[in-house]
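Colleague: Sharing the features that TrEMBL gives for it:
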| type | residues | note |
| --- | --- | --- |
| DOMAIN | 13-168 | domain 'MobA-like NTP transferase' |
| BINDING | Leu16, Ala17, Gly18, Lys28, Asn56, Asp69, Asp103 | GTP binding site |
| BINDING | Asp103 | Mg(2+) binding site |
Amino acid sequence: MAEFSLDKSHIAGVVLAGGRSQRMGRDKAGVMLGAENLLHHVLTRLSQQALLVAVNAETAPEDVPVVPDRFPGKAGPMAGIHAAMVYAAGLPSITHVVTVSVDCPFFPADLVARLAAAIEHSSQIAIAASEGRSHPVFGLWPVTLAADLEAWIAADEKRRVRDFLLRHDVTEVAFPLHPTRASLLDPFFNINTPDDLVEAERWLEALRA
Ligand SMILES: Nc1nc2c(ncn2[C@@H]2O[C@H](COP(=O)(O)OP(=O)(O)OP(=O)(O)O)[C@@H](O)[C@H]2O)c(=O)[nH]1
């Protein structure tokens, strides 16, 4: 059997930025971390790893396509992942879409490379993990799963990402902690609350030092 190989030229990236940001109390995409907002941090990091990038939210910078949920209020982040798949399926030469979360500004610089290397055939999903926990919103998804995901969302609105993954061939890729001057940073550290934001400012400083 020929070895399956997936490179950046076949991968689009979508930042998941839906949801209610209830714990933060305001839209997380626009929250400032250092000199830039979270959406800017995440888009910058993602655009180095995917051929094209888009945002799954109401608003985005002018030159970035917006990919809104097709099932708003249903299935949480899975609705965003579905919108991402449908968007990417319409792009020439794209076979997979990588999704990342807007509240996670330090995700690994080799996220896509390592997820892509873990995929052994065209219908496989790869998701990230760290510290023994999986992070299914950080996934590399075949765009051909859009119809299956749509049927899954339509059938039951209460299920979670993990339930969808159980239906498919999934590989989990473990990422190491990132050394900083202060201590080891989990690259999937995410910002849900104002206190998390204070901690993220400290990590930003530690990374810059
Ligand atoms: N497209 C889409 N993305 C979502 C939805 N709910 C959450 N997300 C995204 O999934 C990721 C994790 O979200 P959570 O932190 O669990 O939820 P949140 O709505 O951002 O915040 P809370 O309201 O405080 O739980 C973030 O990138 C969110 O933008 C949704 O309904 N649709």
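Just so you know, glycine gets a Cβ as well, placed from its N, Cα and C.
Remember, it's a predicted structure, so these values are computed and weren't measured experimentally.
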Colleague: Restricting to the record's GTP-binding residues (Leu16, Ala17, Gly18, Lys28, Asn56, Asp69, Asp103), give me the longest CA-CA distance in Å as a whole number.
Modeller: 18
Colleague: Show which residues of the chain containing Asp69 (GTP binding site), separated from it by at least 6 in sequence, have their CB under 8 Å from its CB.
Modeller: Gly18, Asn56, Ala79, Gly80, His82, Ala83
Colleague: Just going by other Cβ atoms within 10 Å, which of the binding-site residues Ala17, Gly18, Asn56, Asp103 has the emptiest spot?
Modeller: Gly18
Colleague: Across the domain 'MobA-like NTP transferase' (13-168), what does the mean pLDDT come to, as a whole number?
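Modeller: When the pLDDT values over the domain 'MobA-like NTP transferase' (13-168) are averaged, the result is 94.
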